[in-house]
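Below is one structure, written out as structure tokens; comments come after it.
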Amino acid sequence: MNTQILILATSAFFYVRADKICLGHHAVSNGTKVDTLTEKGIEVVNATETVEQTNIPKICSKGKQTVDLGQCGLLGTVIGPPQCDQFLEFSANLIVERREGNDICYPGKFDNEETLRQILRKSGGIKKENMGFTYTGVRTNGETSACRRSRSSFYAEMKWLLSSTDNGIFPQMTKSYKNTKKVPALITWGIHHSGSTTEQTRLYGSGNKLITVWSSKYQQSFVPNPGPRPQINGQSGRIDFHWLMLDPNDTVTFSFNGAFIAPDRASFLRGKSLGIQSDAQLDNNCEGECYHIGGTIISNLPFQNINSRTIGKCPRYVKQKSLMLATGMKNVPEAPAHKQLTHHMRKKRGLFGAIAGFIENGWEGLIDGWYGYKHQNAQGEGTAADYKSTQSAINQITGKLNRLIEKTNQQFELIDNEFNEIEKQIGNVINWTRDSIIEVWSYNAEFLVAVENQHTIDLTDSEMNKLYEKVRRQLRENAEEDGNGCFEIFHQCDNDCMASIRNNTYDHKKYRKEAIQNRIQIDAVKLSSGYKDIILWFSFGASCFLFLAIAMGLVFICIKNGNMRCTICI
């Protein structure tokens, strides 16, 4: 009998320290905080920034046909002031305008300036075709000191038509041009507003002046308005330039009797390009696709916080300076006690800790994968990553950044220049609209990242649960869960046995008999906390009942012997 008790006690002692296999996940001592739909500041193992803040303070022009207009304004390439002589015809896929650039020489302005500027920025350059206009009875060599080359001159692409003699009669004229090309033609003309009525009479003769322009889609009449104005470049007169896009096979007709600045050549757009206003230096050693006034944004990120006004293939501008995208699982740093694997922690929390609700701590040493196993048996302790579950999670997380980029990237146009009086109202609307769009996209960006982060954390927890269920289904009744991500195995499980559990090749039938015997032996000597509680409550109840019975018996004896009297009053 004594021998049996000794053997049973020895067995109980051995299997309290039974072989174990635990499941866990990778952790780091210092993770990165991200926001999800339901919670802010969740720490994850890995995360990547989605907002670009690094600016290249140069115009990266490598691989591009770049035209730096310098002192020439972009609109000047159409009419031809002296500073634009080398850009009357050009080809480019990147057009750079400088702050010093000027569109005109004789003072004046363009009608619908910003619309024309946007057209030319995207033009890919321009080429010209002579319109074939000839004139009789007038002078075609009007010039001004405001447009100097070696001497007084005029716009290279325009003709300043004057009376044949000072104060002479300017004949009524009609000129037409048909666009025989397969692409639209840009037609530009001017209306001269003299500095005084006397000057207008000297240049174009007496009488009222009227200029009418029409095509199939356009009709407009202009009346010059002579009068004194502040002098600019020594001139008190002004020239207002007007333009239209003439469709193929359409004809434009000009009817005039003076004060008309006639077009000499029609302009044709070459293709496609980007145009940027910037004083940043050109750099042919770097490549870029996104530009702004301060330089180039080179980034594969979906968002940027550098400039709200950009052109090209650019990240979306958002107000946030940082939006972290989770690319790893929720981080639960390993507790110091788990690093030491003390006997106390083994007994209280299981061997290695855990995550995902039932696993309390991660493993900082698990560097080969996101998920893995740790085991303890007679041969010692070991750690191994689970590559299949790791790869499954990585495959689903990879591409999150690219998907964000696909949802957000598009070409943007830069509208950030001077507006005339009417266009200032449009400009205010554009600026208000842009600000509203920024607000919306800042919210959208935060929402998109939060959704992806929520999905990542839920996904990685799900993979952990799948791995746990795979082990539980293999072991069945051969092991018992300890509630901390570990399984206490009721048979001897060497390293090969542990490997079979990890590889999903474990044969529970092979160890079933040994496991059942050991489970019975353990249950015979080890009471669970539930049974202990039941016995304690039963014992307490029995003691109370016995005490009450003794007390009642004593009272009954005392009353019977007359030692105690009970009086009931009504």
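From the backbone N, Cα and C atoms, a Cβ is placed for every residue, glycine too.
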So CYS105 is in a disulfide according to Swiss-Prot. Which of these is its partner: CYS22, CYS60, CYS147?
CYS147
Of all the disulfide-bonded residues given, CYS147, CYS290, CYS493, which residue's CB has the most CB neighbours within 10 A?
CYS493
Could you work out which of the glycosylation sites (ASN30, ASN46, ASN503) has its C-beta surrounded by the smallest number of other C-beta atoms within 10 A?
ASN30
In the predicted model, what is the mean pLDDT computed over the topological domain 'Cytoplasmic' (555-570)?
65
Restricting to the same chain and to sequence separations of six or more, state which residues have a Cβ under 8 Å from that of CYS105 (disulfide bond).
PRO81, PRO82, GLN83, THR144, ALA146, CYS147, ARG148, TYR155, ASN233
Name the secondary structure element type, per DSSP in three states, that contains CYS497 (disulfide bond).
helix
